[in-house]
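Residues or ranges marked as domain 'Glutamyl/glutaminyl-tRNA synthetase class Ib catalytic' by TrEMBL: 4-306. Taken from TrEMBL, the feature motif ''HIGH' region' applies to 11-21. Taken from TrEMBL, the feature motif ''KMSKS' region' applies to 239-243. Residues or ranges marked as ATP binding site in TrEMBL: K242. Sequence annotations record features per position, and here TrEMBL assigns domain 'Aminoacyl-tRNA synthetase class I anticodon-binding' to 338-463.
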Amino acid sequence: MSQKIVTRFAPSPTGYLHIGGARTALFNWLFARGHGGTFLLRIEDTDRARSTPEATAAILKGLEWLGLDYDGEVVSQFERVPRHAEVAREMLARGAAYKCFSTQEEIEAFREKAKAEGTSQLFRSPWRDADPSTYPDAPYVIRLKAPREGATVVHDKVQGDVTVRNDQLDDMVCLRSDGTPTYMLAVVVDDHDMGVTHVIRGDDHLVNAARQMQIYLAMGWDVPVYAHIPLIHGPDGKKLSKRHGAVGLEQYQAMGYPAAGMRNYLARLGWSHGDDEFFTDEQAKSWFELEGIGRSPARLDFKKLENICGRHMAVADDDALMPQVAGYLEAAELPALTETQAKGLRAAMPYIKASAKTFPQLIEKAHFALVQRPVDVDEKAAKQLDPVSRGILKELTPRLQNASWTREDLEAIVKQVAEEKDLGLGKLASPLRAALAGRSVTPGVFDMMYVLGREETLARVNDQAA
Ligand code: GLU
């Protein structure tokens with residue numbers, strides 16, 4: 001491909017970053033990154049009443065968490081209003097648009113009449129071909145002089161050719177009478193000026209594409225490649241809504257899904273590369289093509305998400321997981337780890353990450369490394385610490401004192417003591433587990449001993465030995 005690919009994500013900052021929006025951003029990012037292109041971010045904040053700085057902040061934060069880096073500065077659509085107005089005037093000058101002086105009342109009256117007569121209610125402005133010498137000194141809007149014959153065909157990479165008859169479209173307003181641009185004009189001008197070559201977005205914008213194309217054609221600009229992706233549906237197959245819970249991206253961070261797993265899962269939500277379910281970012285970038293996007297809505301499947309996340313957690317770098325855990329705790333509004341706890345978690349990481357799918361699960365598995373002496377013993381674990389077991393623990397301590405501290409040696413020592421006492425390994429492992437973690441379900445006993453180290457292990461065993 002000779003043309004440099006430029007994609008963009010263009011969210012409206014009117015609420016949280018929707019999971020569907022996050023996937024749209026991801027597709028644009030993958031496509032650009034995989035083709036040596038550029039991925040831009042534009043905040044569509046022209047709707048002043050509904051746009052908030054908090055929503056913009058949430059979008060930026062969400063993208064950062066998901067690891068979707070964009071190129072250059074964030075573009076504010078609102079700041080480009082003068083440019084939008086300039087293009088509307090250029091369209092006028094080119095004869096591709098006209099001043100329309102019809103008042104709201106006149107437009108209403110037109111519609112009422114059409115309704116009564118059973119004709120098309122699409123407004124047909126009497127000013128379309130009016131002689132400028134007849135223009136009144138009154139407020140006007142600038143309307144596109146849209147073609148009335150033929151059809152506008154959107155060659156969509158996902159939906160195929162979508163044909164809209166031109167007599168089904170009215171002469172849309174591009175500039176309002178107060179000089180502000182309409183959304184339709186703003187999007188086209190921005191995409192053109194930003195050099196966007198590929199517009200990948202939700203298929204709720206498919207109808208807009210035909211209208212937007214008319215503006216490109218009116219200005220003689222190159223129309224971008226369109227790819228309108230089907231929306232995400234809830235697990236029940238219905239359109240994703242608040243009723244399904246977890247529609248905002250930040251909720252996923254707060255639920256403790258690792259971002260790498262989230263990227264992988266979201267990529268698979270509506271896009272496929274053969275049967276590949278689990279892949280790295282590098283693979284996704286090199287595989288991602290618009291042809292791989294499916295035409296039917298994808299369904300959210302939390303089980304799949306968890307499984308993919310688990311696989312990413314298992315292969316993640318131990319050090320890299322640490323700040324992610326901190327990010328999760330913050331997002332979930334949980335207390336941060338102390339320095340000692342962070343050290344404990346880091347030491348435990350190699351032994352626990354393979355069996356955790358989410359950060360809450362990871363923290364749960366790291367419990368033994370996060371608690372301090374004296375370790376609280378829960379009811380179930382306490383049952384393992386009967387007087388006989390406590391006696392055995394006491395006998396174990398001198399042996400541990402002299403052990404070389406490898407997992408293998410530790411296991412050999414405990415096995416040996418079990419044999420000497422003619423006990424099953426479990427009879428020793430259970431009280432040991434209870435003494436070390438205060439719980440009955442934990443990572444492997446020898447892993448815990450190894451992670452805790454000689455001194456701490458002995459201290460915890462001694463706390464319970466009698
Ligand atoms: N601002 C629009 C939205 O958030 C997206 C517009 C576009 O991608 O063209 O739905």
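Placed from the backbone N, Cα and C atoms, the Cβ positions cover glycine too.
Under 8 Å, Cβ to Cβ, and six or more positions away along its own chain, K242 (ATP binding site) finds no residue. Sorting the motif ''HIGH' region' (11-21) by DSSP state (H, G, I as helix; E, B as strand; all else coil) yields 3 helix, 1 strand, 7 coil. Predicted-model confidence for the domain 'Aminoacyl-tRNA synthetase class I anticodon-binding' (338-463) is 96, expressed as mean pLDDT.
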